[in-house]
Amino acid sequence: MASSLLLSTTTSFTSNHHSSPPLSTHPSNSISIRLNPKQTHRFQKCFLFHHFNSPRTIPFLLSSRRGFDVVRTSIRDADAETEQDSSLVGEDSGAFELGQQKLSSWVYFSVILGTVLFVLNVAWIDDSTGFGKAFVDAVSRVSDSHEVVMLILILIFACVHSGLASLRDSGEKLIGERAYRVLFAGISLPLALSTIVYFINHRYDGVQLWQLQSAPGVHELVWISNFISFFFLYPSTFNLLEVAAVDKPKLHLWETGIIRITRHPQMVGQVMWCLAHTIWIGNSVAIAASIGLIAHHLFGVWNGDRKLALRYGEDFELVKGRTSVVPFAAIIEGRQKLPKDFYKEFIRVPYLAITAMTLGAYFAHPLMQAASFRLHW
């Protein structure tokens, strides 16, 4: 029910559930305000408590035309906010309030990140102390084909990564959210690193099927595709403190930002990344890597929806009904209504961080390739 403001001989503040005692004021300026329950709650929370801290302010506020306009504006804003809130059951992805950040949390994050990198280097990367080279060599002995080894590395990573993700609920109940996140990252990260390094070192070792690197426009097409893919690939940047287990990790039901375009942005980003690199490299190793990575993320679509359905039930079904796996499909079909200021959902710190990271990764390609080559994996 829309809110209404009626001139009356008695000033009152009423809702559909209950009425508060009339608040007396001058008869010529008295006003009757009728709100539904949600509007009443929103008005009290946002207007009374935040601005005036006491309901006794209402009689003085309503005793003037200026006060009348302020109340009407607040109710209209509250009504719009209520309508927007009622349409969303998921979380606002990419929300970042600087005022809510704790310096201590980001100090812990930096310490944890440094510790993880140090342990990763000692336990996996360094040939004299780590197991990374031994692991890659063991997999390489299975076949002389770089394509087969590439697929096996991806398969091992996919089984471990998706397997641990599937066991998340049980694991968190057993050892806690933070401990399980540490276990998950501690196993997945070295396997991911081995797969990436092997791909970089052997990306040109396969059978060359086409050569388009010198074709007009190909470099620009590949660059733009890669750049856009990172905005889909890394929704985890929305909660870096949870990734590092500084904050308690959660299984989020996102609903805004990139989720309005596709419910599984990481899969879409991976497909874009694979297609761009396959077009650029044009050989059998690139195709093998793309097949393995895309298959893993397609499985992640099913597995991700399954986990969200178990955790959120009806709320997930509502989000699923107005989103789509295929980009823009829900928008075209009319199931997803984009807000007028949709672009504002991307003008946020996480998306700016993704932009900086993407540009940094592009310019750091020579460094990444040199570092990978020195490992001889």
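Just so it is clear, glycine is given a Cβ too, placed from its N, Cα and C backbone atoms.
As written in TrEMBL, here are the features:
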- 1-30: compositional bias 'Low complexity' (COMPBIAS)
- 149-368: domain 'NnrU' (DOMAIN)
- 1-31: region 'Disordered' (REGION)
- 106-125: transmembrane segment (TRANSMEM)
- 148-167: transmembrane segment (TRANSMEM)
- 179-201: transmembrane segment (TRANSMEM)
- 221-241: transmembrane segment (TRANSMEM)
- 271-299: transmembrane segment (TRANSMEM)
- 346-364: transmembrane segment (TRANSMEM)
Long-range Cβ neighbours of the transmembrane segment (221-241) (under 8 Å; 6 or more residues past either end): 93-95, 105-106, 109, 247, 250, 252, 254, 258, 262, 265-266, 268-270, 272-273, 275-277, 279-280, 350-351, 353-354, 357-358, 361-362
Other parts of the chain folded back onto the transmembrane segment (179-201), taken as Cβ under 8 Å at six or more residues beyond its ends: 116, 120, 123-125, 131-132, 135-136, 149-150, 153-154, 156-157, 160-161, 164-165, 168, 171-172, 242-243, 245, 249, 285, 289, 368-369, 372-373, 375-377
Cβ-Cβ under 8 Å with the transmembrane segment (106-125): same-chain residues at least 6 beyond its ends: 131-132, 185, 189-190, 193-194, 240-241, 244-246, 375
Average pLDDT across the domain 'NnrU' (149-368), rounded to a whole number: 93
